[in-house]
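Enquirer: Take this structure first; my questions come after.
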Amino acid sequence: METDTNSLHSLSCTDATKRRVSYFYDSDIGNYYYGADHCMKPHRIRMAHSLIDKYNLLSRMRVIKPKPAGFSDLCQFHSDDYMDFLRAVTPENQLTRPRDLDRFNMNSDCPVFYGLFEFCRISAGASIGAARCLNEELDDIAINWSGGLHHAKRGEASGFCYVNDIVLAILELLKKHQRVLYLDIDIHHGDGVEEAFYTTNRVMTVSFHKFGDYFPGTGHVDDIGYGTGKYYAVNVPLRDGIDDQSYQSIFKPIMTKVMEVFQPGAIVLQCGADSLSGDRLGCFNLSVKGHAECVRFMRSFNVPMLLLGGGGYTIRNVARCWCYETAVALDTHVEERLPEDDYSGYYGPEFSLFAPPSNMENLNTKKFLEGMKVKILENLSRLEHAPSVPFHEVENDMDVDEEEEQNDEQDGEQDDYDDRLSDDDQDL
């Protein structure tokens, strides 16, 4: 039954209550290795976990080792042949499959590495499990810092991402909630998630990102969705050097309006840390506190929320950021001075939780940001009220064990993803 009765009584953003928080972590996640010269380092998740542990935050949460996603779980969004390929390819046999490597966009950005499919299963399984906990009302906030891999497409890898755990988690949330909000504060546009839900009004995607000559090159302000999904894609393209004050000057008004008109039953917040100052691949100038203010603000609406990781390539700052955002989710004070752990050498000489921003130029003028804000708020105003779509459960077979999956996959048991979504859509 639909239980989305949220009236957004908390739009005033008063936030006086504690939240029940679950934390999904598999200690194996830090063992996977994209390669010596690759920017993506899963080790950063282990570093964040170590800080979370040393700040004694684990004792304040339900800590859950996720069940890896099965083949049929992954095929709720991804194509069978792509998942077959990921399951079978190895560093040793990849050169015998050049056409498949090209077909599935496996390249220097998305290399074949040891344990690739297991890495994907852990990341996706944690996001699916976290979504289930929210659906079952076991927790108010669920965290999976190994998730947030927002570039992966239905049938190919992209931008260091192979399996789109976010789409899989949203599909799980749609089993219970009529409307799910996806919010992305990674410096890169959340293209894979937007594309997956571009024609539905049950999912609103909102992405704040660098735009221009920058990967993935999508996310123009005029990209607003299509058909039933028109105005349900919101893109906020930004310029180099944006700082905390400028970011919040546009983030809070837009997200307040989104919450008012869309009234989601659940929120998925991708917390890519490459929007922090000093990121190896980034060009924004956000502090850890400024980045975490987005989490704090969305938490204040008192809507079930899934927090995910994402980008972030200066790994000492990624660990700082996700540790602090865990504390924000818990509404718990943590000291600025970092506790000693196995990775203390990464954080010198200041050994502070809060890496300061730089003095880089902010190219986002007040006029530019105001014009952007006005245009986006005008689009959102076209949605006078939350869509009154009919509610049906989105069926999927999340509990098939691995042996059954292997027997069934050749029988074409997966429903078409687009058909399952469109069955639940209705024009306003």
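Sequential numbering from 1, following the chain as shown.
Each residue, glycine too, has its Cβ placed from N, Cα and C.
As annotated by TrEMBL, active site, proton acceptor applies to His151. Here TrEMBL flags Asp109, Gly159, Tyr313 as substrate binding site. According to TrEMBL, the feature divalent metal cation binding site maps to Asp186, His188, Asp274. For 396-428, the entry in TrEMBL reads compositional bias 'Acidic residues'. Summarising the annotation, TrEMBL assigns domain 'Histone deacetylase' to 38-327. The region 'Disordered' feature in TrEMBL is assigned to 388-428.
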Enquirer: Where does the mean pLDDT land for the domain 'Histone deacetylase' (38-327)?
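Expert: Mean pLDDT, the domain 'Histone deacetylase' (38-327): 98.
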Enquirer: Which residues does Gly159 (substrate binding site) neighbour through Cβ under 8 Å, counting only same-chain ones at least six apart?
Expert: Asp109, Cys110, His151, His188, Phe215, Pro216
Enquirer: Hey, for the substrate site built from Asp109, Gly159, Tyr313, who else sits with CB inside 8 A of the CB center?
Expert: Cys39, Met40, His151, Phe160, Cys161, Phe215, Leu281, Gly311
Enquirer: If you measure Asp186 (divalent metal cation binding site) to Tyr313 (substrate binding site) at Cα, how many Å is it?
Expert: 12
Enquirer: What is the number of other Cβ atoms found within 10 Å of the Cβ of His188 (divalent metal cation binding site)?
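Expert: Looking across every protein chain shown, the total is 27.
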Enquirer: Just how many other Cβ atoms lie inside 10 Å of the Cβ on Asp274 (divalent metal cation binding site)?
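Expert: Summing over all protein chains shown, Asp274 (divalent metal cation binding site) has 24 other Cβ atoms within 10 Å.
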Enquirer: If you count Cβ atoms within 10 Å of each one, which of the binding-site residues Asp109, Asp186, Tyr313 comes out on top?
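Expert: Going through Asp109, Asp186, Tyr313 one by one, the largest Cβ count within 10 Å is at Asp186.
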